[in-house]
Amino acid sequence: MVACTLGLLAGPLAGSASAAAPEPGDGGPRSLEEISKKIDRLHAAAESATDAYNGAQERAEKQQKAVDRLTEKIDSLRETRGKYKKTAGALARAQYRSGGMPDEAHLILRKTPEEFMHDAVIMRKGQQAAKGVISTLADTESRLDEYAGEASKKLRKLEAEKKRKAAAKKKIEKDLEAAEQIESQLAAKELERLIELEDEAARARQSKWLESGVLDEISGKASKAGKKAIAYATNQIGKDYEWGAEGPRTFDCSGLTLRAWQAADKEIPRTSQEQWRQLKRVPIRKMRPGDLIIYKRDASHVGMYVGGGEMIHAPRTGRQITVAGAGSLVIKGVVRPDK
């Protein structure tokens, strides 16, 4: 269907966004505006899937670390169990050798009652030690069973996250391939006009946002950490967007904000959706440079406010990290990584 759609764009557009009429029965887009919207939808879907991919990746890494910690505990307990088993065996053999005779026989074989009493005390201590070893061994076995069960649960969760990650990856690749297929069949002038349409739409949204007077209410100053985060993000301008990337050569939107705030010694969630869910939310009028602006209804995009009504973000596949109007995308809200 995509190929049929692009076959409609015959001849130069001479700056117009209109295209030739579609063939009968073709339900594809009829203009560059519609094609632009279709490409935007594909990239938006890919971005949502990227957030799902990054989230699954982050959770899988945590599960793997938990499994590794449990494995270390299990290995250590198995070693401890082996030692206690040897000790218990030695004590059992010692008791067998010395504990088989009645007290009267022990007394006869000793020169004095004092020697008998001394041996009796030692024997009782040995019996108590044996009980202690057996109790500790039983506790070790119980803890091993507990850790093994916990490790099994973590492994199941890890496998589930890997499946989610694989599904998200498949979705991303499918959507990006569809968008690339559309763009690949456009003429050079049509591609130029497509970019112009994107820019025009962004400028229109930014103008509407500024006309609301919101910028007059924003007067916050960047914190010390915020300045460090902004400096890092600024240094990445011009680098390519790549889904799932966290630098240093390429980034996706939340990979950029993650690394920027790490450069300011602040850990934040990996995905824009988790940044929205976990970080402190602030009203737009109280926004300050360094804050993160969360975009789109599903919180699948994020940029860093840098002041003056602008933000830095990694837009999408095929684009580079850039400075854009803070209102050039649909704002969901603002979050603050630091206090």
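Just so you know, glycine gets a Cβ as well, placed from its N, Cα and C.
Unlike curated records, TrEMBL annotations are generated automatically.
Annotated features in TrEMBL:
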SIGNAL    1-19  signal peptide
REGION    15-67  region 'Disordered'
COMPBIAS  15-24  compositional bias 'Low complexity'
COMPBIAS  31-44  compositional bias 'Basic and acidic residues'
COMPBIAS  58-67  compositional bias 'Basic and acidic residues'
COILED    148-207  coiled coil
DOMAIN    223-339  domain 'NlpC/P60'
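Over the coiled coil (148-207) the predicted model carries a mean pLDDT of 87. Here the domain 'NlpC/P60' (223-339) has, by DSSP, the following mix of helix, strand and coil residues: 32 helix, 33 strand, 52 coil.
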